[in-house]
Number of protein chains: 2
Amino acid sequence: MNLKPESYILRIGHRPERDQRVTTHVGLSSRALGASGMYLAADDAKVADSITDVAARFGGTFFCENNVKWKSCINQFKKSGGKVVHLTMYGLRLQDVIADIRKEEKVMIVVGAEKVPGDLYELADYNVAVANQPHSEISALALCLDHLYEGRELDLAFPDAELEVLPTKIGKTTIKHEHGNEEEL
Amino acid sequence: MNLKPESYILRIGHRPERDQRVTTHVGLSSRALGASGMYLAADDAKVADSITDVAARFGGTFFCENNVKWKSCINQFKKSGGKVVHLTMYGLRLQDVIADIRKEEKVMIVVGAEKVPGDLYELADYNVAVANQPHSEISALALCLDHLYEGRELDLAFPDAELEVLPTKIGKTTIKHEHGNEEEL
């Protein structure tokens, strides 16, 4: 299944140590909900590696690039024809703009931490709010991707997984894929 | 607007210090996306206060109760006719069970941290997975609430707010409500 438009996440304002868990959640949610990759605008190889490691074990082609410069990353993306969606509690309502965003060829979703540079609001093609309430960049991102893909991302398959989880009513079922042999754990 | 079914969040496995930010995100996302309140199964008054403080400033009637016992909280809720939804990457697919959950009178959504007690899977009426992939309890919760309420929670009003954010294309617009007088900031 191909999800359209392609989406890429840009994580800005990450402070090593303080934001490691939240940024890891941002990266893993991006992957699980259909984004193609994440750019991290900070130098934190540990976080990038931990996301890449999960991606390798659970399949798919999600990438995480460490230590990009946020502004040149945005400018390069725009030059290549992509549109920039900045998630902020001050923006236009998701439910009012998502149909327009869905028509774009590819989008970069910018996810800030507590403070973001003021010129980001101008650089963005869409400043988008999920509920105009203070909550979490992780849930804002999750809802943005889910509304972008209209829930179809929940049916996404992740090829070449080493570890696969089977939906189970009570308990846990995982399958380990190894050199073509399958073994129920 | 009344969202049905009423939802309550139970946060378990919270470790003071380590989980403060993630649990705060869980609480604020619950509030912003239509839940009635959160029970915190740990003693961390600082987190509960910070969620309660946001709720007071931004309006609505969301509550956060510190230091509950998770099992008695669940049992009491079930006795009062509520159903328990446990979010876990191993559960049944959200898209396959949400229509049934939507028919319930009221639900308690249990959000764990890294490890949860094994008997929770048995106690839960629904073990529910958002994507059967590892990502984030915050995005799992956000999607669960959004699918439960079919996006209507994004139109929720929060009465008696001191501070209100107006959707804005570029920049920030907030209204401060004070003793009946309004002032644009």
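Yeah, the Cβs are placed from backbone N, Cα and C, and that goes for glycine too.
Where the annotation comes from TrEMBL, it is an automatic prediction and has not been curated.
Annotated features in TrEMBL:
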BINDING   B:Leu87, B:Gly112, B:Ala113, B:Glu114, B:Lys115, B:Val116, B:Val130, B:Ala131, B:Asn132, B:Gln133, B:Pro134, B:His135, B:Ser136, B:Glu137  S-adenosyl-L-methionine binding site
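Sequence features, as recorded in TrEMBL, placed on the structure.
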residue	record	DSSP (3 states)
B:Leu87	S-adenosyl-L-methionine binding site	strand
B:Ala113	S-adenosyl-L-methionine binding site	coil
B:Val130	S-adenosyl-L-methionine binding site	coil
B:Ser136	S-adenosyl-L-methionine binding site	coil
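Shown are the binding-site residues B:Leu87, B:Ala113; of these, the residue with the fewest other Cβ atoms within 10 Å is B:Ala113. Among the binding-site residues B:Lys115, B:Val130, B:Asn132, B:Pro134, B:Ser136, the ones whose Cβ sits under 8 Å from a Cβ of chain A are, in sequence order, B:Val130, B:Asn132, B:Pro134, B:Ser136. Shown are the binding-site residues B:Asn132, B:Ser136; of these, the residue with the fewest other Cβ atoms within 10 Å is B:Asn132. Counting every protein chain shown, 8 other Cβ atoms lie within 10 Å of the Cβ of B:Lys115 (S-adenosyl-L-methionine binding site).
Binding residues for S-adenosyl-L-methionine (B:Leu87, B:Gly112, B:Ala113, B:Glu114, B:Lys115, B:Val116, B:Val130, B:Ala131, B:Asn132, B:Gln133, B:Pro134, B:His135, B:Ser136, B:Glu137) extend across at most 19 Å, taking the greatest CA-CA distance.
Within the same chain, residues at least 6 positions away in sequence whose Cβ sits under 8 Å from that of B:Pro134 (S-adenosyl-L-methionine binding site) are B:Met89. Taking Cβ-Cβ distances under 8 Å and a sequence separation of 6 or more, the neighbours of B:Val130 (S-adenosyl-L-methionine binding site) in its chain are B:Leu87, B:Met89, B:Leu94, B:Ser139, B:Ala140, B:Leu143, B:Cys144.
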